Amino acid sequence: MKRGLSVSDSDGHAFTPLVVIELAEDIKEEAVAWLLNRMKDKQQHGGAELLVDQLPLEGQGDQKGNPNMFVIGATWQRLLYGAEDVGLVKEFNDGSMRGFTYANKDNFRDFHGDGDGFLSMAECQYIIKHGLDILRAKDETHIPGYPQVKLYPGKSIIRRMQSKGILLQIFPLHEKEGLKKLSLSWYRKVKLSYQPLDDIRQYFGESLGLYFAFLEYFTFALAPMAFIGIPYYLFAWEDYDKYVLFAVFNLVWSTVILEVWKRYSASLAYSWGTLSRKKAFEEPRPGFHGVLGLNPVTGREEPTYPNAKRQLRIYLVSVPFVLFCLYLSLHVMMIYFDMEVWVMALHDEEPTVGTTLLLFIPSIIYAVVIEAMNRLYRYAAEFLTEWENHRLESSYQNHLVLKVLVFNFLNCFASLFYIAFVMQDMALLRQSLATLLITSQILNQIMEAFLPYWLQKRRNKKIHKRVRKTMVDKELPLAEQVKLEADMSTYLGTFDDYLELFLLFGYVSLFSCVYPLAAVLVVLNNITEVYSDGLKMCRVFKRPFSEPASDIGVWQLAFETMSVISVVTNCALIGMSPQVKAYFPESETQLILLVVAVEHVLLAFKFILAFVIPDIPKHIQIKLARLEFQSMEALKKRKMLEAAGTPNKSE
């Protein structure tokens, strides 16, 4: 991180502001003094050893600001020690990726002089957040000034204050020069080129870097489908039999691209230093509550909650609620089909231009209703998952993802399955798929990027004309920059972004053989998604904290599950083609058995392919094995030296 604008704390230490912490306006003074003291105190005394300065309010004109806003930084030595504490992996002089240690700092490739520029600003902000997260109560029984906010030894101070509304928000500051360069190379110029993935990862961290890498990879992977789909659409629109070849290609494509992606993501994660990074011990979620007990791993007191009680909540409340929502979704679907029947009857009775256009109205209305139901259900799923009281964030995310994916899958695809396999109306399937796909893409672009950007402009209408030119291109006073960023929306993570790609992957892999232009539409959507997502990350949302990641997590399993479902779907579509049915004019049972047999063979081929293609490229496996061998040899050598030195110490 290059040192930029500096401020000074109460002891006169100059530092670069990296993170902002905003406390409640009516917070008790003793609570502020106690928190600041804990943040500044030495680590050996239970503090975070950070530098803190109160944000001055002057220069903000008639705009009333919160006086309890503080900027946080750290000495360069503290950041380097913190890099070792959080397990950052950096490139060694021999080209290998190794965990950074302060004692061995001069042997890392990019470490020169005092190390200025060795750590990115995002890494420094992550280190500071880690320092704040591990601030724990010692002998305090409550937050000073708040006797009702109880504490116990080992309780996270920051999480407790956040859950009680005493601490409003913590966010990392944007780096104006870095943001300007990233914006220019990323989304401000429309051009056909790769995304600056290394720069995105450097600025936003590995989790977001991998999302944009997957978005780019998915777009390029769709190119063969789009290339083949255009002539199919132009020259074989009504010839359903020819789509059998397209369906077979679809089966192979959906399997291969996911396996190749795992290798590509492993290569990225290795070069970014997260593939071999040790996973940090997972702390309880901020919202987790229960009766105080003893953690058998850490030995600290923390809340405990009976797993049996959680399971009762899941199976007696959450599961019935999800099933009810699924039933409601199917009921809405049947209403949609009633509308389709009515419109078709109207068109058949007296065909006109108006009734022809009217044929698309039910699908458009249904697509809008689907999006609305998905978003309403998302809020309900979050509430339910929070109420289930999961101890770990990973468990919370897995249950939330499962709830949302099950509903979204049925809500978005149930009508298509019904049309394909119950009504067996391929013309209506093409029309419905096209309408749902186009409408959902338009709504997503509006809801995810343009609407938040417009709202952000309205919130900052008094200063936006100046900020639009100065926030990226010129120097903005620190107090005004902090106030502007504090009012920005908070980025809630990549969940919704991956969910959108998951549904688009479903539209392409499940039914694109009857609507070959689906891949073309998704490619166009993904290209605009790159620019809209870049816009919202740089201009609409607060800068998120960097999150280490070595893969796309549970979403890899979600995409692979969709790929398996696509095998079944495409085999069934092939079996329904007139060309295949002609071989079994008298025995439909034989046709069904044949389709099932082919499906099982293809699934077996799919799993064999997944097994044969290694998830991690061979050259990276060798590097990881060599590093592990060197670590073991170094440990043996150190133990031998310690053993040899024991007699001397005793003498």
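Indices start at 1 and increase along the chain as displayed.
Even glycines carry a Cβ here, placed using N, Cα and C.
Model, not experiment: these values are computed from the prediction.
According to TrEMBL, the features are:
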- 200-626: domain 'Anoctamin transmembrane' (DOMAIN)
- 210-237: transmembrane segment (TRANSMEM)
- 243-261: transmembrane segment (TRANSMEM)
- 314-337: transmembrane segment (TRANSMEM)
- 357-377: transmembrane segment (TRANSMEM)
- 400-421: transmembrane segment (TRANSMEM)
- 433-455: transmembrane segment (TRANSMEM)
- 501-524: transmembrane segment (TRANSMEM)
- 591-613: transmembrane segment (TRANSMEM)
- Item | Interface present between the transmembrane segment (243-261) and the transmembrane segment (501-524) (three or more C-beta pairs under 8 A) | yes
- What residues in the same chain, six or more past the boundaries of the transmembrane segment (357-377), come closer than 8 Å to it by Cβ-Cβ distance? 325, 328-329, 332-333, 336, 339-340, 343-344, 346-347, 404, 407-408, 411-412, 415, 431-432, 435-436, 439-440, 443-444, 447
- Message: Before we move on, state whether the transmembrane segment (243-261) and the transmembrane segment (400-421) share at least 3 Cβ pairs under 8 Å, counting only pairs 6 or more apart in sequence.
- Response: no
- Item | Spatial neighbours of the transmembrane segment (314-337) far in sequence, C-beta under 8 Å, 6+ residues away | 362-363, 365-366, 369, 373, 377, 380, 384-385, 387-388, 399, 403, 406-407, 410-411, 414-415, 418
- Can you name the far-off residues of the same chain, 6+ from the ends of the transmembrane segment (210-237), with a Cβ under 8 Å from a Cβ of it? 194-195, 197, 200, 243, 246, 249-250, 253, 257, 260-261, 264-265, 268-269, 494, 497-498, 501, 505, 508, 512, 515-520, 522-523, 526-527, 529-530, 533, 549, 551-552
- Where else in the chain does the transmembrane segment (400-421) make close Cβ contacts, counting only residues six or more beyond its ends and a cut-off under 8 Å? 318, 322, 325-326, 329-330, 333, 336-337, 366, 370, 373-374, 377-378, 381-382, 384-385, 428-429, 432-433, 436, 440, 495, 499, 502-503, 506, 510-511, 514, 554-555, 558, 569, 572-573, 576
